[in-house]
Amino acid sequence: MAKAKFERNKPHCNIGTIGHVDHGKTSLTAAITKVLAETGGATFTAYDQIDKAPEEKARGITISTAHVEYETTNRHYAHVDCPGHADYVKNMITGAAQMDGAILVVSAADGPMPQTREHILLARQVGVPALVVFLNKCDMVDDPELLELVEMEVRELLSKYDFPGDDIPIVKGSALAALENSDAKLGHDAILELMKAVDAYIPQPERPIDQPFLMPVEDVFSISGRGTVVTGRVERGIVKVGEEIEIVGIRDTQKTTCTGVEMFRKLLDQGQAGDNIGCLLRGTKREDVERGQVLCKPGSVKPHTKFKAEAYILTKEEGGRHTPFFTNYRPQFYFRTTDVTGVVHLPEGTEMVMPGDNIAMEVHLIVPIAMEEKLRFAIREGGRTVGAGVVASIIE
């Protein structure tokens, strides 16, 4: 049978399965592809295909992730599934596989377990916007009251971590039943119901081009007779020639005007998300701008020095530190295009952080950086990556 060409005429959304080990994340991923394959919305991908996920590198960290794609009538999805718990932690913190939403898989037979809690907390910390719950293995639970109890527990846990526990859709079913065609109600129908919930409940992410303009500064040149040109890749939004923009980070914020946009040596009237451009700035001196700052829409991003972060610290085997670190640890934090020194403050009751740990910590940078929640960074010592993190909240 000829492969159908994937039409890109549907809105795209990135999701993933999260939850405790052996609660059925990978089986569910396989079941979704099986059920949607009936209507031509996917190619069935078996459990063992997904489970031997290839390794990939993100921010110097090796992570195993499996990617499958499928579509419903409303949307096209890229779905990520990780084989091990450590891969989830790394994935969510580095943003290697950006998630616009996630399906939390909980085994009805076991109820919420330690990693269920940890994945919900991580989803909150790294800013996953919405969750939908699949209560798996319902064919192993005969007592409907027990099912209700597990559902209540899950809702309480979600609320505890600031997700709307009362409103989140919880779909009861069995991934195995769907894969083995044993129970249509808990299998096939539950999967369709789950996808309906995902379609309806996980908000469509705003496309990068529709967001306010931002471009990290990579290089600065002075062109005689024309002025200063700043180069970089536009991260989001659009910059039009003649628009006022701000230079944010490292020093005091300055206003300037973009008087020209150049790409591949051609002049354009605008640059947009994904473009590698040179931006000509009016009245800005070569020494007024440096790598590590950003150009952005005025007022859209502010410089900050203090923030709370969720970080993963590499193990020795991953090329990280061999020893733990303590409060007042001073590494470099690599934001976008540059390193900035910062001081780490560990939470009350945390004596030290071991290689391989993930940790919530407070960081004070020695110079301000254009910063927002969900911004990713690497932790480095003399150019060597020893960790990865994400801004969970800004203090000042």
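Any Cβ shown, glycine's included, is placed from N, Cα and C.
Listed features, source Swiss-Prot:
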{"type": "BINDING", "residues": "19-26, 81-85, 136-139", "note": "GTP binding site"}
{"type": "BINDING", "residues": "THR26", "note": "Mg(2+) binding site"}
{"type": "DOMAIN", "residues": "10-206", "note": "domain 'tr-type G'"}
{"type": "REGION", "residues": "19-26", "note": "region 'G1'"}
{"type": "REGION", "residues": "60-64", "note": "region 'G2'"}
{"type": "REGION", "residues": "81-84", "note": "region 'G3'"}
{"type": "REGION", "residues": "136-139", "note": "region 'G4'"}
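Neighbours of HIS85 (GTP binding site), defined as other CB atoms within 10 A of its CB across all chains, total 15. Put simply, of 19-26, 60-64, 81-84, the stretch with the most CB pairs closer than 8 A to the region 'G4' (136-139) is 19-26. Of all Cβ atoms in the protein chains displayed, 26 besides its own lie within 10 Å of the Cβ of LYS25 (GTP binding site). The Cα atom of THR26 (Mg(2+) binding site) lies nearest to that of CYS82, taking the binding-site residues GLY19, CYS82, HIS85, CYS138 as the candidates. For the region 'G1' (19-26), the number of residues in each DSSP class (helix H, G, I; strand E, B; coil) is 2 helix, 1 strand, 5 coil. Within the same chain, the residues at least 6 positions away from CYS82 (GTP binding site) whose Cβ sits under 8 Å from its Cβ are GLY16, ALA53, ILE63, SER64, THR65, ALA66, TYR88, ASN91, listed in sequence order.
Within 10 Å of the C-beta of THR26 (Mg(2+) binding site) we count 22 further C-beta atoms, all protein chains included. Across the range of the region 'G2' (60-64), the DSSP-based residue counts are 0 helix, 4 strand, 1 coil. Broken down with DSSP, the region 'G3' (81-84) shows 0 helix, 1 strand, 3 coil.
The local packing around GLY19 (GTP binding site), expressed as other Cβ atoms within 10 Å of its Cβ over all shown chains, amounts to 27. Per-residue confidence over the region 'G3' (81-84) averages out at a pLDDT of 86. Taking H, G and I as helix, E and B as strand and the rest as coil, DSSP gives the region 'G4' (136-139) the counts 2 helix, 1 strand, 1 coil. The local packing around CYS138 (GTP binding site), expressed as other Cβ atoms within 10 Å of its Cβ over all shown chains, amounts to 23.
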